[in-house]
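Remarks on the structure that follows.
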Amino acid sequence: MATDFSKNAEERPEPQKAEIKGNIPSWLQGTLLRNGPGIFTVGETSYQHWFDGMAIIHSFAFKDGEMTHRSRFLRSDTYKENMAANRIVVSEMGTMAYPDPSKNFIFKAITFLHHTVPDFTDNGASNIIKYGNDYYATSETNYICKIDPVTLETQDKVDYMKYLPVNLATSHPHYDREGNAYNIGTSIAEKGKTKYTLFKVPAASANDEDGKPTLKNVEVVCTIPCRSLLMPSYYHSFGMTDNYIIFVEQPFKLDILRMATAYMRGVSWASCLKFCPEEKTIIHLIDKKTRKEVETKYLTGTMVVYHHVNAYEEDGHVVFDIIAYDNTSLYEMFYISRLKEHGNTYDENYCKPTYRRFVLPTSSDKGAAVGENLVKLTNTTATAVKEKEGKLWCQHEVLCEGFELPRINYDSNGKKVKYVYGNCVVQSALADKIGKFDTETKKMIYWKEDNCWPSEPIFVPRPNGESEDDGVVLAAVINSNPDQADFLLVLEGRTFTELARANVNAKLQKDVHGYFIPQ
C-alpha cells in the first residue's frame, strides 16, 4: 500500500506511553532521537523537495521495559518566519522562496539582495549531533540549533562562523574514545581561498562555562585546499580511524557563482550542483597526530558518496567502506513530484548504490614499480596501483548492492567490524526492509513486514556485551496497513529477530538520521 511521505506532520510534545508487544530488554535505558522533515506545505506554498521540509524531532525514551514517545517541531528561525508569514519565505536547497506579490518594491529589492549573498537556512532536519554535553539539530549549513534532548524544546541557534570560518559543515561528525567530536566544513573564498576545514570540538570538561557553546573551544586540525576556487566538492560524511581521517573529494560540486545568481534566474540552489563525470575522485588521508595530509595521492574513478560506513587500520593499510553511486540521481528521487508519481514503486531512473571497500597503503611507494599493486592484504580484492611516484590509483571491492543508511556498533568505530545494519534499497530509494550485513561472509539477513517502511536502523550495544552484535537494533516504522499503529521496532542484534514493538499513539514520518543517548 502506498503512503504519502509529503503529508504535514502533527507534533505531540507531551510524552505518551506506548503499547508494548513483546518484551523490551530491561537493560535498554535511554532515548532514541530521530530527526527529519515534517512540514511540506505552509499556507498556499509548498516545498519542491522532500529534504527541504521543516524539521520535526521524535523521541523514543526507554525505561524499565517501557517506552514513551513525544515529538516537536524544531523552532528554528526558518520555522518562525515561515509560520508568521503563513508562506514559505526562507529558501531551502531545492526550493527557492520568493516574496509575496503584494509586497512593495523596496521589500522585493531587499529580498533580492538577501538571496544574492545567501544567508542559509537554520532548518536542521538531517541529524542530531553532540558537542560537549549539548545536543543539536543539524542540516549542512553553518547553523545548528541546540535542543533539550528530553523535552525537545529548541533552545539556541548557533552559528559555526562565530567560531571558525565554515559556510557548510557535515551532519555526520565522528567521536573518539575520549568524547571529542571531529567534523569537516567548507570555507568558501575565505581570504581568497576555498578550502575544507577539519575541526575538533573537545569533550565536555568541568571548566566549561554554563550556557556557552562547547564550540567556543573548537580547534582546527588541518585544512585541505579545494581543487577549484569556486566549485568545492559536496560531501555528507567522512571516515575516521584511531590515527587517520579519510575525506573523499568527489566530482559532485557546488557551483558558487551559479548559486549567487540562482535567485534572479528563478532556479533553486540544488540546480547549481554540478556533476563532473570526466573528473577523478580524490581521496585525502589526514594523519591525526601530525595534523597534515599524507604525501601519497590516492585517486579513484568518478562516484557520488553520501555515507561512509566505517574505516580501520590493518598491517600498514587504511581500509574504508562507503556507500557509493555512479551518478547524482538519488537527490532527484526525492523531489515531491517524483515521490508522488512513483510512490513506493520502482523508478526507472533509480541508481542502485553499491557498498564499496577501498584500501589505502600508508607506507611509501618508493622502490615499487609503476603498475604494481601495493595492497598486500589477502582478505580483499581492492587494489592500489602505482601510477607514478607518490600517486596511487585505487580500485574498490564491491561487498554488496542496494544498501544504504549504514550503521555499526559505534563502540567499534575506527576498528574492524563484522556487522553493518542498514536499509535495503534494491528497487527504490524508499526502503521496505532493513538488513544485517556480514562483511566477512557477504551474507545478509532481513526484517520485513508488508506495507511497513522502516527508518535507518540504529544499533545499541548491551552493557558489557559478549560480542560485537550483542545488543538491539532500533528502527521507527511507518505502518500503512489499515487500522494498525506506527511503531518503534526492537530487534535482537545477534539473531535479527523481533523482540518487541512499541505502538505509538501518533503518526510517524519518514525521517533521515538519529542518535541514541544512553541513560
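Cβ coordinates come from backbone N, Cα and C, glycine included.
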With the ranges 1-21, 64-84, 337-357 to choose from, which does TrEMBL describe as region 'Disordered'?
1-21
For HIS172 (Fe cation binding site): intrachain residues, at least 6 apart, with Cβ closer than 8 Å:
ASN127, HIS236, SER237, PHE238, HIS307, HIS308, HIS513
HIS236, HIS307, HIS513: which of these binding-site residues has the sparsest Cβ neighbourhood within 10 Å?
HIS236
Determine which residues of this chain, when HIS172, HIS236, HIS307, HIS513 are set aside, have a Cβ within 8 Å of the centroid of the Fe cation site's Cβ atoms, and list them as they appear in the sequence.
SER126, ASN127, THR170, SER171, SER237, TYR306, HIS308
